[in-house]
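Worksheet: one structure, shown below.
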Amino acid sequence: YVLVSVLTFVSVKCGDVYKIGVGIADITGPAAEINMMGYAQLSQRTGGIHTRLYSRAFVIDDGKSRVLFLSLDAGMTSQLLYLEATKALQKKYGKLYSDKNVCISSTHTHSGPAGFFGNVLYILTSQGFVKETFDTMLKGILKSVENAHKNMQQGYIFHNEGDLYNASINRSPTSYLKNPKEERDKYDSNLDTKMTLLKFTDINKKPIGMINWFAVHPSSMNKTNVLISSDNKGYASLLFEKKMNQNALLGKGPFVAAFAQANEGDASPNTKGPRCIDTGLPCDQDTSTCNGQNDKCIAFGPGKDMFESVQIIGRKQYEKALELFESAVTPISGPVGYSHQYIDMTQTTVTVNGTTKATTCKPAMGYSFAAGTTDGLGSFEFKQGSKSENNLMWNLVRNLIKAPSAKLKECQKPKPILLPTGEMTFPYQWQPFIVPTQILKIGQLVMVSVPAEFTTMSGRRTRHAVKKILDKCSSVDNKVVIAGLSNTYSSYVTTYEEYQVQRYEGASTIYGPHTLQAYIEEYKTLARALCTGEKLPDGPRPKNLLDKQISLQAGVIYDTAYYGKSFGDVMKDAQSKYYPGDEANVTFVSGHPRNDPMLDNTFMTVERLDPATGNWSVVATDSDWETKFHWVRTNMLLGHSEATASWHIPEDVKPGKYRIRHFGYSKSIFQKITPYKGASSIFLVKNSVNKYL
């Protein structure tokens, strides 16, 4: 092993030396009674934690220029969060950071708390703005950057890429087939299977961090889930960080691994594909219905349940990333740069087919938006592929809210408009008009930061356009990646051809059929500016809507313990002994988790007794995959609630004496918040060889 390591060290060519910093911090929001962001289901409210959510920050500086890339375990990056985060970074670090050189990308987990948006459409199901979610995310973002600053050091960056198969399927294959055949023939698949990876090391080649980009939805956890989860990408990060940080608790080690998002707009992790749950037959490909019914067509992951599906898709990403990481020898060399501009996407003129002029539109959501996807069905009897306003009832409902203008209808054709969000102004803006566009360049690695979910072919066209320009003005083979859901969220971006089909992704392409072309022309402008060094005008800056936010979400009123009980008391204790593969469950008298988010802390621990010292050591927290923290309100009027801490005992567990502890805060009727803790009885975990003796 030593000889191989020495030979590898000698053979790896070094690129330029960069100053690099990596950092991680907790952004897990309110873990109880807050709507989840992703499936837009009113009934899907947080009820505990399976895995915590993190912000992972990477600073790269070449001595003349610097960029900051963050990957959040979040549904998306809201414009409000981007504006407030960059403002706070400028206040703390001065000219080091601005909205120009900071990219805040999100993985798109569908199992995190909602309410962190400034635009009305994206906070409808969360009953408006949720300050607890927003503040927690903002605090964690800033803390992750602070941690990266503490770890700034000289080092190297290496690049690698490879294909990952059987980790995704295209959930709108009929839309993809509308793209020109000669274009489709350039590719082996209707998916982007390429994973692109950056390996960060210190000056002695010791690994300190990793980012990879791969296109797949983190929607392995379905809309029945109520536990906060970072889903398949977060699980991959946990596996990678656990391997690299050895005995450190999750979120506490020095090595940071980001499984960042790319152009996942039509890439589903539910690789078994959609089936009719009543017959087992394939769904109708155009409408994703079963005998005309939308609610019967559901896509399933590779596992026996959603938890196993997370593990399978997450492990595939982890194993591919580890393979690329360990074989990464291509050095990154060249300057660090960036290009940024705000653009009003509601009135951008584009050139179609080289001659014809067209414009983008004010935002609007189509009928098929309400149908949902095969990953998460909508709430009503809408169908994907709807291209006509033939539902009199929903037309009436829409018109009572806001009837779309004739101009908007014409601009958005063939989309039948369900919500004319660009013409809806009460109580404030429903979807963004002005969005940030950005390219970050680290040597030959180019990140195209996009403020939406680009489909497979949309991402390919964008990458190709940017690469063509950058390759012309340099002698290197630029590696272009899409950094998805970055800096602002403006729903989806399909190709013009895919838009005509009006499946979910097309119905959610809010600026009309020429949205992609507008983005491509803008990113070409940014690429040319990187080539020439031209300083572009900032463009029209979006309004910060923080002071306009409205919330209908009730706060925690008070907590009380059961008669004769105290907070932290055990209601249901652990058994006396367990074996690997068993699950230990302990139920406690609990306060409301929203009394304190326990940032960089935990609601539960699994602890092992050291027989030599008599000291307890923490072996797992609520960040670990093996644990689940469930919370439930048992009596709203009396303020009673319970928390169940679960530990699925790993096969490689060390035998010995264990206990499970719970930590929390209670709020009295006088609004005083007080910490409490509780512990199970001590129980034995024995070796599995003795289980059946």
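Residue positions begin at 1 at the first shown residue.
Even glycines carry a Cβ here, placed using N, Cα and C.
Under the heading domain 'Neutral/alkaline non-lysosomal ceramidase N-terminal', TrEMBL lists 18-521.
Taking a C-beta cut-off of under 8 angstroms and a sequence separation of 6 or more, His108 (Zn(2+) binding site) has the following same-chain neighbours: Gly38, Ala74, Gly75, Met76, His217, Pro218, Ser219, Lys233, Gln261, Glu264, Glu453, Gly484, Leu485. Marked as Zn(2+) binding site by TrEMBL: His108, His217, Glu453, Tyr492.
Under the heading active site, nucleophile, TrEMBL lists Ser268. According to DSSP, Ser268 (active site, nucleophile) sits within a strand segment.
Marked as domain 'Neutral/alkaline non-lysosomal ceramidase C-terminal' by TrEMBL: 523-685.
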Revision key, fill the gap. Rounded Cα distance in angstrom between Tyr492 (Zn(2+) binding site) and Ser268 (active site, nucleophile) is 14
Study note, to complete from the structure: For Glu453 (Zn(2+) binding site), the number of neighbouring Cβ atoms whose distance to its own Cβ is within 10 Å equals 28
Practice item. Would you mind pulling the DSSP three-state label for Glu453 (Zn(2+) binding site)? Key: strand
Check your understanding: Just how many other Cβ atoms lie inside 10 Å of the Cβ on Ser268 (active site, nucleophile)?
Key -> 24
Practice item. Taking the recorded Zn(2+) site as His108, His217, Glu453, Tyr492, identify the other residues of that chain whose CB atom sits within 8 Å of the mean position of the site's CB atoms, giving them in sequence order. Key: Gln261, Glu264, Gly265, Gly484, Leu485
Check your understanding: If you count other Cβ atoms within 10 Å of each one's Cβ, which of the binding-site residues His217, Tyr492 has the most?
Key -> His217
